[in-house]
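Just dropping this structure here.
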Amino acid sequence: MAKLHMVDTFDYVVFGATGDLTMRKLLPALYHRFRDGQIPEDSRVIGTSRSRLSHDEFRDRAEKALRRFVKDDSLDENTVQRFLGMVFFASVNGAEAESTWDNLRELFGDDRADVVRVFYFATSPELYGAICKNLHDNGLVTEKTRVVLEKPIGHDLESARKVNDEVGAYFEENKVFRIDHYLGKETVQNLIALRFANPVFERLWDSDAIEHVQITAAETVGVEGRGDYYDHSGALRDMIQNHLLQVLCLVAMEPPGSLDADDLRNEKLKVLRALKPIREEDVPNVAVRGQYGRGKIGKEIVPAYLEELGDGKQSDTETFVAIRAEVHSWRWGKVPFYLRSGKRLPNKVSEIVVQFRETPWSIFKSKLEANRLIIRLQPEEGIQLSVMNKVPGGDGMELRPANINVSFEQAFGARYPDAYERLLMDTVRGDPVLFMRRDEVEAAWTWVEPILNAWKKNCSPVHHYPAGSWGPDAARKLLAVTRNAWHEDMA
Ligand SMILES: NC(=O)C1=CN([C@@H]2O[C@H](COP(=O)(O)OP(=O)(O)OC[C@H]3O[C@@H](n4cnc5c(N)ncnc54)[C@H](OP(=O)(O)O)[C@@H]3O)[C@@H](O)[C@H]2O)C=CC1
Ligand SMILES: O=C1O[C@H](COP(=O)(O)O)[C@@H](O)[C@H](O)[C@H]1O
């Protein structure tokens, strides 16, 4: 395990602390960091929401969450009790000026004014502006205060600008941490190491050598309890506008001058701005949307999206998206970047497939397969490079592809920390390198917006696919026009 450095003492205030995200991700992440010795014991985690809970009632909920979402081998009684001793609760309606702000103010005496203070907004984004104003008006913002904004930042470009303006009225950009948990995944960070610490790859990283790139985030889960949110979002907003475009940036960007936040983010922004704009009339040719019907994943029969929504609701919301993108730059020319994300697909897998070009000429009788680099983000994190080899023995020169495999688990053996663990500690340290800058978020919305508009006008159909399949056939056709195939369909 790489070395962890103890962070400064902090007060971590979560708005939306009784919600799913806090229970499932934030509290377990803070617990793990505490257990690993990264968090000083005089730090505090302060939950807030409109619910009227005592400190002990909230601690009970926090304890249940830890027992449910932290693996048994990481739960030891002493550590759990010491962690819960750092947990507090204040009942506040973040959106209302007249609310019980005293409950929160009372928790900060003069002796905490110099302590790092993080406000994490795990509520609906419409509340972010009001919460910022109320924090400011109640004198809760100190020199060492940061705010963390959960996704989604808006619903489209206009609403994203509104959220950013409202937050920006009270917090300088360097105090605003827009979280994209994909950037906290170890394997996503490792992309930077793979590309810029290994010249063997970087020398081949362009349109001369690379035929196309696929970026896939496939999930087996459906929308389950999040139907209200998801039905207003859909896969394009939920996964592509943020996570997949951020991964694309790291694959396609030029080497940054350093690992400083702005050097890295400037390079990502250049990629987002170099994405070939998609005109509304072209959307049917380059973007496919789908929605899952009833089907089977493994041995389990799972309901259709509409059944999960319940109440006989009808909806065109997409649970699957595939897009053909291009990064118009000297390095990439017209290399297609295929982006794909969907729910209720056969496997949970996030991966990048870099398909190299074929040899210009072959001296062999065997059919040659072009090299392929697969960067597996999750699960079974690792790298796989396919190469052509001579089949041993025989009296001729028979060739077959074989894989060079690096399994990160075998190489490093450590537990893979959840993305939130790293990101929450970065917010305490005030390190924005793995967070999205305002201009990145807005550039990403600018690019996806014509697709959203075309779909709103019903310019292309919502293809239905059975749960447990790899999505609609139209997604296959998107690649077939250039005689390509998605990874699972490759020979
Ligand atoms: N759940 C997840 O896995 C993910 C969630 N997100 C995003 O994070 C945000 C929260 O999601 P999630 O936890 O699932 O949502 P939930 O609906 O489970 O929780 C919402 C929380 O906000 C609180 N809340 C609502 N209104 C106010 C208010 N006016 N003042 C203070 N607190 C308020 C609620 O508590 P109370 O009713 O007591 O006030 C509750 O704690 C959403 O924007 C979501 O899109 C992003 C990525 C993943
Ligand atoms: O942000 C989100 O991500 C999850 C998928 O995250 P992963 O780390 O499990 O790949 C997705 O299920 C959710 O809908 C979306 O809001």
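Heads up, the Cβ atoms here are built off N, Cα and C, so glycines get one too.
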What does TrEMBL list, out of Asp156, Asp165, Asp238, as binding the same substrate as His181, Lys185, Glu219, Lys343, Lys348?
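Record check against TrEMBL: substrate site with His181, Lys185, Glu219, Lys343, Lys348, extra candidate from Asp156, Asp165, Asp238 is Asp238.
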Return the residues near His243 (active site, proton acceptor), defined as same-chain residues 6+ apart in sequence whose C-beta is under 8 angstroms from its C-beta, sorted by sequence, else 'none'.
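His243 (active site, proton acceptor) has long-range Cβ partners Asp180, His181, Tyr182, Ala217, Ser341.
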Can you list which of the binding-site residues Asp238, Lys343, Lys348 have their Cβ under 6 Å from some atom of ligand 2?
Asp238
Does Lys343 (substrate binding site) have same-chain partners at least 6 apart in sequence with Cβ under 8 Å from its own Cβ, and which are they?
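Once residues fewer than 6 apart are set aside, Lys343 (substrate binding site) is near Glu219, Thr220, Val221, Gly222, Val223, Ala235, Tyr292, Tyr305, Thr319, Phe320.
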Specify the secondary structure state of Arg50 (NADP(+) binding site) as given by DSSP, simplified to three classes.
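SS state of Arg50 (NADP(+) binding site) = coil.
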Calculate the distance in Å between the alpha carbons (Cα) of Lys151 (NADP(+) binding site) and Asp238 (substrate binding site), and round it to a whole number.
8
Determine, to the nearest whole angstrom, how far the Cα atom of Lys348 (substrate binding site) is from the Cα atom of Arg50 (NADP(+) binding site).
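It is 35 Å, counting Cα to Cα.
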